[in-house]
Ligand SMILES: [Zn+2]
């Protein structure tokens, strides 16, 4: 039966509603939980997170996909309680944001070992819970070049995706050729892969978006809102109008069905202050009004935020 794994169990794809496809409840580098400077009480984490998810729900948001991989602060019981309290469906992920965030224990594992870890989290549960992962995260390590460990994780993810039907997110869409080779070798259809962060400021000029689109991949404009116009923008920021125009050029060129959009915001960052003034609700407060102003009709907006993510996240069979 067609379904999507959420932290509270599988749901029908029609129940997803509006999807923020790449977000974080809280993302931190491995080890940040040990740094006394950044310890947060449970009260503080709830206080920072619940209002954002409630507002997301009030704005019409249905599903929040948490793209925080293994080792980066993923916390299933906490996600379950947030979902119960706010009514927002939360999809959790297996996999790693990139090779350089995989702790030594996993960094030395074989492709087969990593595949079994991902499949277990998708079919049995994560961290001893019954919550099953709904996506697999992979990524390019710092430096914009795929490293050997990144490639091992990509191959394990491709095999786990074929075995379970769960789709793959990539952190960064740069150096895409080795990724395309692995997915082709494993015979994974590329509509099961979202090549993420195709829109961020530091990746521009390094993303072969034509190769991704031609191969049938999905392109993630998933850092919407990390604008250089913010008071203290991050290094991956980009001018708001430039990003929007880039997105619109692909909509106008007829690639809507291969586009996914999100904000990659942190509700309550772990081990870093986060980016002030940026939340998942940017999608409702800035992006959708900007799309409407640019003449994008409601049917197209529905495809971007409802139809496309449902097709992407659905596990068949
Ligand atoms: Zn992210």
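Each Cβ is built from the backbone N, Cα and C atoms, and glycine gets one as well.
Taken verbatim from TrEMBL:
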MOD_RES   137  N6-carboxylysine
If H, G and I count as helix, E and B as strand, and all else as coil, what does DSSP give for residue 137 (N6-carboxylysine)? strand
Listed in sequence order, residues with CB under 8 A of residue 137 (N6-carboxylysine) and six or more positions away: 67, 68, 69, 93, 94, 95, 96, 97, 157, 168, 169, 171
